[in-house]
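Peer 1: Please read through the structure below; I'll follow up with questions.
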Amino acid sequence: MTDANKVIDLMGTKIRLYFKGYQAEKCLTEASAMLRHYEHIFSANREQSQLSALKTKAAREPVAVDPDLYELIKVGRAHSLEPNSFLNIAIGPLIKLWRIGFKEARIPSKEEISQALERLNPANIVLDDEKNSVFFAKEGLEIDLGAIAKGYFSDKIMDFFKEKEPHSAMIDIGGNLLVYGESPKKSLDWDVGIQHPFLPRGHSVAKIKIRNQSVVTSGIYERTFEHNGNKYHHIFDSHSGYPADNNVASLTIISDKSLDCDIYTTKLFGLEPRKILVEVNKIEGMEAIVITVDGQLAITDKLKDKITIASQT
């Protein structure tokens with residue numbers, strides 16, 4: 001039994017893989033190939049990807065896509081259509097309009113935002129389960145899976161790892177963390193730091209202990225754009241067309257599946273902090289950490305024995 005680590009620059013981020021078990025290096029090589037395959041299919045920034053092809057073809061006729069892409073679109077669409085959901089996989093036109101996180105970032109005019117809002121209805125994504133096809137019932141639709149794709153990939157890679165019966169394994173896609181088995185410290189608990197939303201990357205506001213779980217954080221600090229002294233972040237309200245304007249600086253979700261973490265960090269982000277905790281407390285096996293814009297930290301009920309708040313000097 002051996003252990004191996006691998007770091008890949010892919011999907012615009014760093015991906016860290018860890019595997020302890022038999023043929024560890026071979027497993028990481030195969031996992032890397034899987035991730036490159038997913039990028040080829042899912043990338044919104046590659047014109048040759050299947051996701052990008054939907055922009056030009058799906059408004060004319062149904063387009064058959066890879067089963068994995070179809071599955072994620074179907075899951076994302078369902079959660080996007082739920083009442084009060086902040087997740088919207090049809091938000092592509094708004095993302096492209098603001099370009100936050102890119103050098104072309106700008107504040108669109110009210111007219112541009114109004115026009116984009118007319119093209120954000122996820123109900124206009126029409127799916128055919130028999131053919132794995134996607135059709136856009138309205139011109140100008142654009143699917144953006146950026147809020148949930150990393151969690152989906154993480155779960156797929158971990159499923160592959162588990163087939164190899166590892167002693168332990170980890171995948172970290174740009175901060176989306178999923179662990180299995182014993183930690184490198186030979187403990188069943190993995191210690192995970194929660195990024196402080198107002199300090200440079202690497203500064204933790206708290207540490208939590210997890211077992212065979214995923215941790216995902218969404219925050220207004222991740223990608224920003226400043227204009228005339230005002231700061232705009234990348235988490236958009238698809239009803240207003242502007243970045244979310246509530247009291248939440250970051251939302252961390254802990255759950256067994258990384259996709260669930262991805263979904264709920266976005267889906268609940270538009271709620272006020274107390275309401276987020278109420279909603280997560282209803283979900284079996286899920287916990288949350290909310291940090292407000294004024295620096296207050298709140299957690300769900302069952303997390304109290306698993307969290308250590310960092311002392312800030």
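Count begins at 1; order follows the chain as displayed.
Heads up, the Cβ atoms here are built off N, Cα and C, so glycines get one too.
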Peer 1: Need one residue: from Ala147, Ala149, Ala169, Ala206, the one TrEMBL lists with Asp262, Thr266 for Mg(2+).
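Peer 2: TrEMBL lists Asp262, Thr266 binding Mg(2+), and from Ala147, Ala149, Ala169, Ala206 it also lists Ala147.
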Peer 1: Does anything in the same chain, at least 6 positions from Thr266 (Mg(2+) binding site), have a Cβ under 8 Å from its Cβ, and if so what?
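Peer 2: Expected: Phe86, Leu87, Ala147, Ile148, Ser218, Ile235.
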Peer 1: According to DSSP, does Ala147 (Mg(2+) binding site) sit in a helix, a strand, or coil?
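Peer 2: Going by the DSSP assignment, Ala147 (Mg(2+) binding site) belongs to neither helix nor strand, so it counts as coil.
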Peer 1: Beyond Ala147, Asp262, Thr266, what residues of that chain have CB atoms within 8 A of the centre of the Mg(2+) site's CB atoms?
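Peer 2: Surrounding the site, in chain order, are Leu87, Gly146, Ile148, Gly151, Val216, Ser218, Ile263, Tyr264, Thr265, Lys267.
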Peer 1: By a simple count, how many Cβ atoms lie within 10 Å of the Cβ of Ala147 (Mg(2+) binding site), its own Cβ left out?
Peer 2: 26
